[in-house]
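Marked as ubiquitin cross-link by Swiss-Prot: Lys469, Lys472. Look at Swiss-Prot and you will find Asn79, Asn102, Asn134, Asn163, Asn205, Asn220, Asn235, Asn247, Asn321, Asn417 tagged as N-linked glycosylation site. Residues or ranges marked as region 'Required for interaction with thrombospondins, THBS1 and THBS2' by Swiss-Prot on the basis of experimental evidence: 93-120. What Swiss-Prot records for Tyr463 is site 'Critical for TLR4-TLR6 dimerization and signaling', and it gives experimental evidence as the kind of evidence. The topological domain 'Cytoplasmic' annotation in Swiss-Prot covers 2-7, 462-472 and is backed by sequence analysis. Sequence annotations record features per position, and here Swiss-Prot assigns topological domain 'Extracellular' to 30-439 based on sequence analysis. Swiss-Prot lists 8-29, 440-461 with the feature transmembrane segment, giving sequence analysis as the kind of evidence.
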Amino acid sequence: MGCDRNCGLIAGAVIGAVLAVFGGILMPVGDLLIQKTIKKQVVLEEGTIAFKNWVKTGTEVYRQFWIFDVQNPQEVMMNSSNIQVKQRGPYTYRVRFLAKENVTQDAEDNTVSFLQPNGAIFEPSLSVGTEADNFTVLNLAVAAASHIYQNQFVQMILNSLINKSKSSMFQVRTLRELLWGYRDPFLSLVPYPVTTTVGLFYPYNNTADGVYKVFNGKDNISKVAIIDTYKGKRNLSYWESHCDMINGTDAASFPPFVEKSQVLQFFSSDICRSIYAVFESDVNLKGIPVYRFVLPSKAFASPVENPDNYCFCTEKIISKNCTSYGVLDISKCKEGRPVYISLPHFLYASPDVSEPIDGLNPNEEEHRTYLDIEPITGFTLQFAKRLQVNLLVKPSEKIQVLKNLKRNYIVPILWLNETGTIGDEKANMFRSQVTGKINLLGLIEMILLSVGVVMFVAFMISYCACRSKTIK
């Protein structure tokens, strides 16, 4: 009887030990299995989960616009007063709804090339008004022409054309005209061939961004989605040194197994440069654990604070000898037009930039850019890309409508918020196919290990207790 009991206790301890060992072995084996499956599914080729969602995003993406309506145009033009602006919006468009075009795999270098077509559909139900709403904004053509043509004789000719067309420093335009283009009366009088249509995003519809050529990950999963070339080049030709490099992905996805310590680099054609994001916090997105990465203020710092940014400073006067920060002069990629990009309401910008503008209220929560990334797959499941479009206008002795200005202005025209969030159906699929299976495997591992250890310890204690009684 004693033997049977002892044998049973030993058998229980052995079973517990086996379960614990099996649970322990399952951990690395399970991790390897997960890695193998993920690596297979994030490759950008026909038949994978990644490819299907990459060719045409299943997420609805919206671009909201807030326009800075100028309240005191005459005071500014006559007295060089601070510009008083009133934010109006949002005006919402659906974007990025078109599938990638000319998708071509290259087996030799394991890349895939494509064009990203552009399209925008106005969403009245998500907007405060219509595309016919009027705004008082800086005259884009007058500001640009006076900057591009600085020869005084040429500016005298420009002045006569500006006066003849009855143009001024400011203008009234509809939302549709401001965004997508209008025929400018001043440019229409220029006696030599110039583009007479002006708009902040002209041309947009029926155009495409690219060609992009990205690594498909077949030979090296750590390079998947990373851009090899953009428009056939590895550099942009806008900046000096490392600032001109095309780094990272397009931010729609990143190589799998993202770590919190990583600096995620990505390229944005909207701002004509590569930029980066750093980990901020863990976020639960519809039951899916994601990492929130944000653009840090350091990315917009002056070279004085962040020496890596020295090559983004391209002139000395407006930047106050490269000490100003928070705005990026992208005129080189806008055919010389004095376009400056910043975060909305000049968030993270130096006081000298925003000082001439009244009515701004920078708010980090509302105006910063972030990416919510599922770390195992590297997929961006939610994002908010926020930026502001500004135009530089300077005094001019020869152009009457700019003659009374006593300082330079970086004038905010609008800011945009482009957002996308994984839909409920896609989130359910993602939970069942990815995070659910991983969590289930982890649960099984812990149960086997825990039960095994408890059984082994309990049966061994019982066995020792029984032996002690038997000896007595």
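Using the three backbone atoms N, Cα and C, a Cβ is placed for every residue, glycine included.
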Asn235 (N-linked glycosylation site) as reference: those glycosylation sites from Asn79, Asn163, Asn205, Asn220, Asn247, Asn321 with C-alpha within 10 Å of it: Asn247
Residue from Asn79, Asn205, Asn417 whose C-alpha is spatially nearest that of Asn247 (N-linked glycosylation site), among the glycosylation sites: Asn417
Most crowded position, judged by CB atoms within 10 A, among Asn79, Asn102, Asn235, Asn321, Asn417 as glycosylation sites: Asn417
Cα distance (Å, whole number) from Asn205 (N-linked glycosylation site) to Asn220 (N-linked glycosylation site): 36
Proximal residue to Asn205 (N-linked glycosylation site) among glycosylation sites Asn79, Asn102, Asn134, Asn163, Asn321 (C-alpha distance): Asn102
Sequence-distant neighbours of Asn163 (N-linked glycosylation site) in its chain (C-beta under 8 A, six or more apart): Gln400
Per DSSP, three-state class assigned to Asn134 (N-linked glycosylation site): strand
Those residues of the chain, 6+ apart, with a Cβ under 8 Å from that of Asn134 (N-linked glycosylation site): Val172, Arg173, Thr174
Integer Å distance between the CA atoms belonging to Asn102 (N-linked glycosylation site) and Asn321 (N-linked glycosylation site): 45
